[in-house]
Amino acid sequence: MHEELLARFDRYLSGERGASLHTRAAYTRDVRLLFELAGERDLATLGPLEIRAFVRQLASRNLSAYTIGRALSAWRTFFKLMTRDLAWAANPAASVRSPKKRQRLPKTMSTDSAAGLLDHLPEDDAISARDKAICELAYSSGLRVSELVSITLPELDLRSGLARVTGKGNKTRQVPIGSKAIEALQHWLTYRGLWASPDCATVFVSKLGKGLTTRAVQARLKTWEERLGLTEPLFPHKLRHSCATHLLQSSGDLRAVQELLGHQNLSTTQVYTHLDWQVLAKTYDSAHPRAKRKP
């Protein structure tokens, strides 16, 4: 019975919600956790009191507020589907509040650090040319790693400096590509044909001729982190976050950053205003004559 419910839930996530494989896997794990906590109880008869008890059990396992909040989100979505499709009485998780999370600010680089990194990445062979193009595009256009590995040649218009990107929920948006990223992409494309198999349309490919995976991109950036002797971790999302932060700092246009990143809700983008405030606070502390603390 549980497996049938999970199969229905996964079809819904994939078909109607257009969820990524990562989200589907996470939500499936969370609903399996719900089954475990419910035990022999009939899921259709659960109420808010039971869901709150489950949340307390998760907290007693020292799970983070973020993990518990995601589980609750999965449960709400699951019960909402079952009330719609199987006429279950109500959604018992709908009124249960998620635990408060500590706001995790995105990891970013300064503009000088980003420029230094990108300028020092070599491009004298196929692998380094590909990796530099990936980093330049991620920083230039604020792409998620999943968007980087899925972008195809027809979606890339280097002449006009635009790319068509498919993001979360299979939503498509158009993003600009900076001149440095265009140069890096053009250079990589001179090598791409040496590797790419005829049926592979993705921009970034491996030596095997197939499209790169997200893990492969993360591993390549880790390699460059070690090779260049960087003092802080380098990962794809850091380039995306840095792009958003630097654009917001220079333009102040939160809506434009929201559109670039493909955020559905403005509140998701507003986290970058906190980063901007951090920069302002540091500048104030170091520059204002009445802010300097006595040693």
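Each residue's number is its place along the chain shown, starting with 1.
Every residue, even glycine, has its Cβ placed from backbone N, Cα and C.
TrEMBL does not curate its annotations; it predicts them automatically.
So that you can see what the record holds, here are the features copied from TrEMBL:
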- 1-83: domain 'Core-binding (CB)' (DOMAIN)
- 104-285: domain 'Tyr recombinase' (DOMAIN)
- Arg144: active site (ACT_SITE)
- Lys168: active site (ACT_SITE)
- His237: active site (ACT_SITE)
- Arg240: active site (ACT_SITE)
- His263: active site (ACT_SITE)
- Tyr272: active site, O-(3'-phospho-DNA)-tyrosine intermediate (ACT_SITE)
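According to its DSSP assignment, Lys168 (active site) is helical. The most densely surrounded of the active-site residues Arg144, Lys168, His237, Arg240 is Arg240 (count of other Cβ atoms within 10 A of its Cβ). Checking each of the active-site residues Arg144, His237, Arg240 against Lys168 (active site) by C-alpha distance, the shortest gap belongs to Arg144. Residues in the domain 'Core-binding (CB)' (1-83) partition by DSSP class (helix H, G, I; strand E, B; coil) as 67 helix, 0 strand, 16 coil.
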